[in-house]
Amino acid sequence: MAILGELGTEILIPVCGVIGIVFAVAQWFIVSKVKVTPGAASAAAGAKNGYGDYLIEEEEGLNDHNVVVKCAEIQTAISEGATSFLFTMYQYVGMFMVVFAAIIFLFLGSIEGFSTKGQPCTYSKGTCKPALYTALFSTASFLLGAITSLVSGFLGMKIATYANARTTLEARKGVGKAFITAFRSGAVMGFLLSSSGLVVLYITINVFKMYYGDDWEGLFESITGYGLGGSSMALFGRVGGGIYTKAADVGADLVGKVERNIPEDDPRNPAVIADNVGDNVGDIAGMGSDLFGSYAESSCAALVVASISSFGINHDFTAMCYPLLVSSVGIIVCLLTTLFATDFFEIKAANEIEPALKKQLIISTALMTVGVAVISWLALPAKFTIFNFGAQKEVSNWGLFFCVAVGLWAGLIIGFVTEYYTSNAYSPVQDVADSCRTGAATNVIFGLALGYKSVIIPIFAIAVSIYVSFSIAAMYGIAMAALGMLSTMATGLAIDAYGPISDNAGGIAEMAGMSHRIRERTDALDAAGNTTAAIGKGFAIGSAALVSLALFGAFVSRAGVKVVDVLSPKVFIGLIVGAMLPYWFSAMTMKSVGSAALKMVEEVRRQFNTIPGLMEGTAKPDYATCVKISTDASIKEMIPPGALVMLTPLIVGTLFGVETLSGVLAGALVSGVQIAISASNTGGAWDNAKKYIEAGNSEHARSLGPKGSDCHKAAVIGDTIGDPLKDTSGPSLNILIKLMAVESLVFAPFFATYGGLLFKYI
């Protein structure tokens with residue numbers, strides 16, 4: 001038996017979750033002390049008010065009431081635009097939730113003809129609860145997961161729009177103060193999301209347990225709906241937010257920077273507010289929902305496999321909750337790690353920012369390895385058995401620790417390889433920048449080659465972690481490796497959210513007409529944020545591959561498939577169709593960004609041509625029209641990709657059966673991961689090649705610049721092509737592979753009973 005008793009588990013998990021939420025609120029309270037509203041005395045000429053505290057001595061001349069007012073106005077415009085978009089999207093997503101909840105109930109309830117009689121359990125002796133009740137609880141957990149995901153995304157966006165202007169104003173004190181404000185704000189989102197995800201899942205398990213009692217097989221099967229709800233909302237957040245942000249970004253860049261030769265975030269550009277809104281709805285709300293979905297799904301996959309292993313059969317609640325205990329330890333580890341950035345060390349110069357963020361990843365991974373070792377010793381029996389395709393495999397507690405540790409360190413390796421290929425501090429991006437000498441075509445060729453090459457090491461890291469974890473603990477080992485990769489999610493999310501907050505802060509500084517030296521500081525924050533955003537995408541894609549495989553294993557077990565035979569025609573046709581789906585999905589999202597950007601370009605050109613004095617800065621552009629174009633386009637364009645992902649498992653499972661569906665899932669996983677990594681890294685490299693030329697921090701960079709040169713224009717074109725790759729198609733693909741797998745798992749009993757209708761008549 002485990003050292004940690006059931007009572008200890010019941011205390012430890014919610015306490016860690018609550019500590020995470022309290023820490024998030026404390027960070028928010030500290031950020032809120034930075035005031036964006038000028039004091040009453042600040043309007044008086046020469047008045048010495050509190051705002052004098054902001055300014056470093058040589059910039060005392062900037063103690064200007066108007067700067068603070070402008071920052072507040074811009075922040076309000078960005079916040080209102082983001083809120084408006086999310087509420088519009090949530091109306092459509094709400095309708096989808098209701099319809100899909102009804103489908104879950106009808107499909108799963110029909111397995112035993114809506115009977116209320118108990119049935120013999122599949123994997124353990126005894127009677128399990130009726131399928132009708134499992135259908136009801138699966139529907140409830142789907143709605144809970146969906147609502148938690150939506151609330152997490154919304155709160156993340158609210159925090160980011162609350163923090164952006166505060167980061168700008170703190171930049172007047174120095175780069176260190178601005179960094180801490182942006183990072184604390186990111187930490188609010190990271191801890192709020194990871195802690196609330198854990199607490200809601202734990203409460204759901206305990207509430208469902210009141211009904212299910214000893215039927216843990218049915219209990220954890222119904223919990224899988226939580227992962228499906230979280231990930232389906234993430235799909236719409238990522239795709240809708242990605243289309244929104246990139247339509248605005250491409251439109252603003254093409255007309256503003258290439259045609260009109262005005263700087264990024266120039267207030268004369270009509271698309272500039274839409275562009276800044278997009279950073280929040282795509283990179284904050286979408287990314288938060290994405291990682292929440294990964295966490296929920298890997299937990300569900302581990303719980304489903306554990307419920308039919310010795311943990312579930314022997315009703316060992318502490319060992320059963322091992323995935324949740326790992327996440328609980330992760331919250332405490334991330335809390336300690338965050339203090340290193342905010343309290344123990346101070347950033348004094350711009351070149352200290354990126355190392356500080358990288359240290360966060362290394363410290364959290366090292367501490368988490370120790371934490372997992374301790375919890376594996378306390379929570380797991382010395383020996384236990386894990387379900388492995390019809391047989392039980394004996395595993396030790398240290399074996400399972402090794403599975404989690406392999407996933408944890410594989411995530412760090414993927415993160416740093418991603419950084420190597422996307423940071424302009426290293427030769428790959430510098431080579432891409434150098435290729436701009438001969439125009440945009442060579443820039444595109446070099447960027448694509450970099451993206452394809454960047455797939456190699458992450459895939460080997462994923463392959464090694466799959467082989468090691470499967471050899472030790474079968475599919476449960478893979479699920480725990482995925483959870484290991486996601487165990488430092490609070491720190492990962494804090495670093496990820498820091499990027500868009502810094503980006504917005506730079507935009508606000510430019511629009512408020514602040515000193516170029518303030519802009520240099522926000523640019524330094526943004527440059528580090530760009531690299532860490534690429535690292536975050538690497539984590540998301542790597543964890544998605546492991547999560548998808550773990551869900552695939554749970555689906556195959558639940559559907560009663562003994563072996564997936566690639567030589568079987570039923571499986572093979574699924575395999576090649578599944579491998580095609582990421583291309584179809586990417587085509588839809590890329591085209592959506594392109595068509596939305598076309599409308600945006602036309603509108604921006606129209607305003608420059610028809611509004612007198614706009615180019616001279618004497619007239620204001622119509623920001624609202626551009627915001628509306630992005631909102632309408634993203635809502636309309638997110639439906640077809642969403643339908644493709646949600647309907648494919650239902651159609652394939654019902655018409656062709658579980659064997660073909662298992663082929664589709666395997667094919668989508670194999671091709672989707674490769675495209676996602678290459679798309680994200682290609683786009684990230686083009687973006688940083690452009691920034692490398694703009695910054696001109698080395699002799700080589702200065703030989704390619706300055707802004708407005710032919711080299712720079714070629715780099716801007718590459719960056720514009722890369723925008724939808726790195727922020728729409730690439731990140732959305734990891735949701736495609738996870739979502740199809742978790743949906744197949746939820747509907748597995750229905751497909752096993754009624755699936756393969758077409759083959760029955762052929």
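Each position is counted from 1, following the chain as shown.
Placement of Cβ uses the backbone N, Cα and C atoms for every residue, glycine included.
When the topology recorded in Swiss-Prot is consulted, A171 and R519 turn out to share a side of the membrane. Sequence-distant contacts of the topological domain 'Cytoplasmic' (160-182) (same chain, six or more residues past either end, CB-CB distance under 8 Å): 31-32, 34, 36, 54-56, 59, 62, 68, 71-72, 74-75, 78-79, 82-83, 189, 276, 279-280, 284, 341-342, 346-350, 353, 356, 497-498, 500-502, 504-509, 512, 514, 518, 521-522, 524-525, 529. Across the topological domain 'Cytoplasmic' (599-627), mean pLDDT in this model comes to 89.
Fewest other C-beta atoms within 10 angstroms, among the recorded positions E297, D687, D727, are seen around D687. Spacing of D687 (Mg(2+) 4 binding site) relative to C121 (disulfide bond) is 55 Å (Cα to Cα, whole number). In sequence order, T422, G499, G684, D687, N688, K691 constitute the residues six or more apart from N530 (Mg(2+) 4 binding site) in its chain with CB-CB distances below 8 Å.
In this structure, C128 (disulfide bond) is part of a beta strand by DSSP. Break the topological domain 'Intravacuolar' (755-762) down by DSSP state and the numbers are 4 helix, 0 strand, 4 coil. Using a 10 Å Cβ-Cβ cutoff, K246 (substrate binding site) registers 33 neighbours. Between the listed recorded positions, namely D279, D283, D290, D503, D723, the fewest other CB atoms within 10 angstroms of a CB are found at D723.
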